[in-house]
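Taken from TrEMBL as is:
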- 27-326: domain 'Gcp-like' (DOMAIN)
- HIS110, HIS114, ASP320: Fe cation binding site (BINDING)
- ILE133, VAL134, SER135, GLY136, GLY137, ASP166, GLY179, ASN290: substrate binding site (BINDING)
Amino acid sequence: MLILGIESSCDDTSVALLDCSEQGCFVIKESTASQIEIHQKYGGVVPEIAGRMHAEKIVPLIEQVLTGQSKPDIIAVTTGPGLITGLIVGTEAARTLAWTKNIPTVSVNHISGHIHAVEIGEYKIQYPALALIVSGGHTELIYITEPGDYKILGATLDDAAGECFDKVAKLLGLPYPGGPQISKLAETGNTKTISFPRPMLDSDNLNFSFSGLKTSALYWLRDNKLTAEKIIPYELPTGIYGQSNSEPTTNDFCASFEQAIVDVLVKKTIKAAEEYKLKTIILGGGVAANKKLREELSGAIKQFIPYSLFLVPSLKYCMDNAAMIAVAGYKQAIKKDFTDWQNLTADPNWELGR
Ligand code: KG4
Ligand code: ZN
């Protein structure tokens, strides 16, 4: 079955054509236009600009991916959650293509895309499964009994993990998106130098909260006067550029901060996993590209939930992409979960499981 995936919920316009069957979902062709460079100037995604950029890119990308290929059997498009300015561009493109080419459409939730990103290629989720989806907009623990049956066990009460990375990076004067920058700087820092809070680490539920950690990072930077001017370029070793080895460096700050986020994410995931008999644990979303999180969650699963399979997408498919939307769409198509193109509507607040 040929599936055309379309994704435009944030700052990536992405189109992919996949061949999906019982053997797995394989990418035939894909193309993504990132808007990061444009939004960097503003320190974050500007919805109005994002919408315009998606509108500019969507048709050329669809053309590029479909040229020379057979007509897709199905169109899978992200209709929510995300920025309405972007979602309507992808949704309208899918509606137009569906109507003019007479192709059935599937309405895909962006988070279900992040979950099924691990199935790009030959890997398969075995159920029941638990997914930790961590991105710029989401931090969720999801229990899945079968594709389409999602139950949110816990979510952030305020900032998402990626948002916390991005906001603290901004305090340091690092460019958007800050998560990769902080994790790069953290590589040569000491995780124990600064004792940041681990919000809700021992709460008796599976929710998260990161705004207190962000505030604590803000106060620490203010009190210790570690500002953008003092940042050590990460190509250079620590301890130079006027920072003595005895003072915490930017690298130490980043390592300690990153460790606080990773500790909470890992502990809560293991807590959830211990409550359910799981066959698979999935890590997905942009923050799943974080090396420390991948390593520490993998280590904890081996130690505490050794009977379960741990699946993480390749780095490329942690970020927003249309291939993951095509895979999630394929799962829905098998269950005949189609939406007539007339009823395909962007829903920026679509909660998974609803
Ligand atoms: O899933 P995604 O591409 O877009 C959303 O749906 O939000 O995730 C982007 C988020 C950003 O907050 C970015 O800072 C974060 O993922 N991110 C990382 C890393 N790479 C991307 N956070 C921490 N460490 C990383 N290596
Ligand atoms: Zn995402």
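Cβ atoms are placed via backbone N, Cα and C, with glycine included.
The binding-site residues near ligand 1, defined by a Cβ under 6 Å from one of its atoms, are SER135, GLY179, ASN290, ASP320, chosen from ILE133, SER135, GLY179, ASN290, ASP320.
Long-range Cβ neighbours of ASP166 (substrate binding site) (same chain, at least 6 residues apart, Cβ-Cβ under 8 Å): GLY44, GLY136, TYR176, PRO177, GLY178, GLY179. The Fe cation site is defined by HIS110, HIS114, ASP320, and by the 8 Å test on Cβ atoms against their centroid, the other residues of the chain that qualify are GLU7, SER9, CYS10, THR78, GLY82, ILE111, GLY113, ALA117, SER135, GLY285, ASN321, MET324, ILE325.
For HIS110 (Fe cation binding site) paired with SER135 (substrate binding site), the C-alpha to C-alpha distance reads 11 Å. Ligand 2 lies under 6 Å from the Cβ of the following binding-site residues, listed in sequence order from ILE133, SER135, GLY136, ASP320: SER135, ASP320.
For HIS114 (Fe cation binding site) paired with SER135 (substrate binding site), the C-alpha to C-alpha distance reads 9 Å. Between the farthest pair of Cα atoms in the substrate binding residues (ILE133, VAL134, SER135, GLY136, GLY137, ASP166, GLY179, ASN290), the distance is 17 Å.
Relative to ASP320 (Fe cation binding site), the binding-site residues with Cα atoms inside 10 Å are SER135, the candidates having been ILE133, VAL134, SER135, GLY137, ASN290.
Shown are the binding-site residues HIS110, HIS114; of these, the residue with the fewest other Cβ atoms within 10 Å is HIS110. Neighbours of ASP320 (Fe cation binding site), defined as other CB atoms within 10 A of its CB across all chains, total 28.
For the domain 'Gcp-like' (27-326), the model gives a mean pLDDT of 92. When the binding-site residues GLY136, GLY137, GLY179 are compared by the number of other C-beta atoms lying within 10 angstroms of their own C-beta, GLY137 comes out lowest. Taking a C-beta cut-off of under 8 angstroms and a sequence separation of 6 or more, VAL134 (substrate binding site) has the following same-chain neighbours: ALA160, ALA161, GLY162, LEU265, LEU283, GLY284, GLY285, GLY286, VAL287, ALA288, LEU293. Taking a C-beta cut-off of under 8 Å and a sequence gap of six or more, ILE133 (substrate binding site) has these contacts in its own chain: ILE111, HIS114, ILE115, THR139, GLU140, ILE142, GLY284, GLY285.
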